[in-house]
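Take a look at the structure set out below.
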Amino acid sequence: MPVASLLPFTVTPNRKSASPTSFRLTEKFILLLVFSAFITLCFGAIFFLPDSTKLLSGVFFRSSSVEAETRTGTVSDTSTGTGKDEKILMAMPCCAALEKRKRNLEMMQFSWDNYKRYAWGSNELRPVSKQGHSSNLFGSLKGATIVDALDTLYIMEMYDEFEAATEWVERNLDFNMNAEISVFEVNIRFVGGLLSAYYLSGKEVFRRKAVELGEKLLPAFKTPTGIPWALLNLKSGIGRNWPWASGGSSILAEYGTLHLEFMHLSALSGRPVFAEKVMNIRKVLNRLDKPQGLYPNYLNPNSGQWGQHHVSVGGLGDSFYEYLLKAWLMSDKTDEEGKKLYYDALQAIEKNLIRKSSGGLTYIAEWKGGLLEHKMGHLTCFAGGMIALGADGAPDDKTGHQMELAAEITRTCHESYTRTSMKLGPEAFRFDGGVEAIATRQNEKYFILRPEVIETYMYMWRFTHDPKYRQWGWEAVQALEKYCRVEGGYSGVRDVYANTPNHDDVQQSFYLAETLKYLYLLFSDDDHLPFEHWVFNTEAHPLPVIKKQNPEIANQLK
């Protein structure tokens, strides 16, 4: 389209002038006028059209020149995350989200490069001492950060790094070892990471490794009830539970967070055994009475009876509820049982656990034998995003109410950040003794790069497009850069209320898998991994919705 056609009026030559000189002057004037009008229209579109931010950022995000710039761009003032250029960008909607994605990508590049430099092949990085680190969750299994970060690398278009990670998986990821591992952690990080990498890239090695590992986990279900053990020796197939878990019980958030991955393992392998194992867990739970409609955190795998009556939507319980909802969504909304279980559980949670403080903050308390403990964990903050994700399918026209509830919980979790010196949230915060959204015990004041609050910001942004959620996410970026970034990567801190950071010297694998991915998606367009096609496992690994019209996959899951 000619530039002149964009103008709101027609330009005609000056017919009174017949001389060549006067025509050239008129022509210059016309060109200047056209150019000025074009610039005016562009700036008007940027600042005043309601959808200009989304449209322009969508165009720019897919521009090859900008993508290349995003890979190599420099960032000003990494200690605080602010600068003159950034303040200007804040006033330019078309560029702000792009520039913030660029910062998120730089954070991922820094995290990955340091892991590769100092801890390649180890499970995690110690960024202060610049060496590898591993917890007892993985036994002698290696490469947790590599597998956990695969899909983040791919989503951020860090393809060279993705290929290096793929090569490591092909050559070095080995499950044939005498190692006792956490079934839950290995499932969400390794199986989930491999499945997601396969669905995003199509590389067969990831499908093969995911199924191989899934088969290694099957002996965990060899209990009288079929409720799996928490710990499993990959070589011997012998399982056991954590010795501290209420008389040898299995934990709700662990045995209840296998469903998404195991349904996909059946779909990809053609073996229904994976789906059968997780569907049996539902059968066991359906036979049990639920106190006040709630699910206690402990279940004995031998007797099939509840252990201690402790209920939490945070640690020990959290992702069980998440997977009920996401099982329904991942089934293309055909898993009606999963849907009913989720909304019934949410109703019981709202009735028995959700409270409002005297200062007006909505929080989710914990329930111990009928008594409430007015404490909310950082892990519980995922619930704002979960409730928002499920609001559209809520029964009895409760969609609006659930969105309001999600927003209130999100605000409370944001307050837990803003009330600290570092503007990072504590591991747990309390609502008692005149205290609101503040950690009162020293062992609850640490921050280990957790993703749950940022995860909820991302969901709330997607569903509301309220700019405060992006602003809150950006505040978190600035705090991470100022207090958690060290020479060798990113580290957790031991006390978020202190004025200077005391680093714990661990760059968690979930920082790359979840925290940085959710930040990147917070500043991306909605059609980047859209919710109607993808469901995130509890480690932020996207798994595709199993569409009803795909009979080959659907038949494997019957």
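We count from 1, first residue shown onward.
Including glycine, each Cβ sits where the backbone N, Cα and C put it.
Given the structure is predicted, the values throughout are model-derived calculations rather than measurements.
Recorded disulfide link (TrEMBL): Cys381 to Cys413, out of the candidates Cys413, Cys484. Between the alpha carbons (Cα) of Thr538 (Ca(2+) binding site) and Glu452 (active site) lies a span of roughly 10 Å. Ranked by Cα separation from Asp318 (active site), the recorded positions Glu185, Cys381, Glu427 are led by Cys381.
Of the listed disulfide-bonded residues Cys381, Cys413, the Cβ environment within 10 Å is emptiest of other Cβ atoms at Cys413. Of the candidate active-site residues, Glu185, Glu427, Glu452, the one lying closest to Cys381 (disulfide bond) when CA atoms are compared is Glu452.
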